[in-house]
């Protein structure tokens, strides 16, 4: 009831609504000062926001994920949902310089004349695209930052680190690309070694710990299945069938051998079960995990890349997470999946890797591969809240909420194999609206797992992101968690299993858009350790600066441009300054802008703060740059990218994830 009253007070009481009904925006519309409202042109539609951002990756979107083109009254297509079949792959160079010659040493290519890449540097330079012309980056930003440009002759800012007379690259540091890997120069960590990746691809990786825990889990499951069968049925199964020595029973040799093997296997399972039945077999000593009052950025697929996380660290974040990685591609050594755990040195400690899986064997092997291949990880997080249809139908993400026993097996398997890395889990209130299950689930997680932290998103899967998060329920679950924890510690297993000083960290998530939200939810219940921010940190990346200062910061357009400059800088250091790297930087810059443009400046608002689900009328900023940054037009986002990456190539393609480009009824 208090939450409803608070909502009414923000919008205004009934009397004020009646008085202003002819002049003020309707409910769900951000209140803009009249002088900044731009009148609609003839035949121009009002902006209508589509706020069902699923943070879903292109690699996981297909026909299962929804998205429709409905017809409106005029019979025209109504742009809704996601662009499922968008193709943002960028055009690569026609003449590709041999990777061994990037830094000019022709002797390093072992293929010689048989190499399929260009070996003539002068020929390559003559066909290379013109250099980037940028007022913000007049010279190579990577060279200026690192004293060395990893892209060498391929750099689009080549003139800033090339001796044109001798055609020799300039370097401020003595760096041997073979002796010192490029990623270490860039300050990046968690790169899997080529040898380890090849072992995964060739299925040579020794999943020793995974095999151990899976054998234990299988024995418990078999014992559970047997306990639910009638005793006669158990005795009649081939592996446990009692033979009467007085009666000859002719059996085919193959069947006899198979029955013998099944019997031996079942007896071994029985021995394993008896050995571990009264123990917390999954318990392992872990590093301490401290999320208490930490400023946490949620895992964000596509937009939560390394440059963005690095930007958030600079702007005050304490904890960041990788984009969601799928367990099976990790186990198979897929390059694109192993790119996700990469992090910048500024992110550790406080960097977590999020994994999605549907079965215990996937969870165990993915966690063991991570624990043995990368070192700068503070936690491994099991994603049990992702609402994407494709993952849900495969049994991953929020589908685990419908099968708590499977989720528990996944968590215990991960805990057993992850060495000293803590295991955490992110969940939702449930899968169906009006049927929350998180309260009962956390009780089981306390008693049956050793998770170090639980993050609860205050929405169900069915709600997605369109309705307000239920923080009353989040607070209720936090109380239930502490009560269950206190009861468990009093039990015999609890006294041995959990240290009462290291309680399970509980983090709330959903609809945090400003420092007032952050402190209201954090201070509203002492059982909540911290608050996680997702979309609020994309729309307003300086949100943690506001949390620190406990005041709203009305960033000017110049200050916001500096934030974009940092993002562009970090992007080029990560993806590179060659043609393909610049194209990637521009693409992810536009992905970032699809949220960043939704910020409504405080100085033009009649009422502040603006809620996440409130959309503004057509507005103009206090200067031209502010207006450009608030544009919903993809072409304006590309125009902003030109400030950092030079004029857009005619072959550059960017299709926004949402057909509305965040707003519907656009003709372009």
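The backbone N, Cα and C atoms fix where each Cβ goes, and this holds for glycine too.
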- Message: According to Swiss-Prot, 299, 300, 301, 354, 457, 509, 510, 511, 534, 535 bind FMN; which one of 268, 275, 426, 432 is annotated to that same site?
- Response: 426
- Message: Within a 10 Å radius of its Cβ, which of these binding-site residues (426, 535) has the fewest neighbouring Cβ atoms?
- Response: 535
- Specify the secondary structure state of residue 509 (FMN binding site) as given by DSSP, simplified to three classes. strand
- Query: What does DSSP give as the helix, strand and coil breakdown of the zinc finger (92-122)?
  - Reply: 11 helix, 2 strand, 18 coil
- Across all the protein chains here, work out how many other Cβ atoms are within 10 Å of the Cβ of residue 301 (FMN binding site). 23
- Message: To the nearest Å, how far is the Cα of residue 511 (FMN binding site) from the Cα of residue 386 (active site, proton donor)?
- Response: 16
- Query: Three states by DSSP: which one describes residue 299 (FMN binding site)?
  - Reply: coil
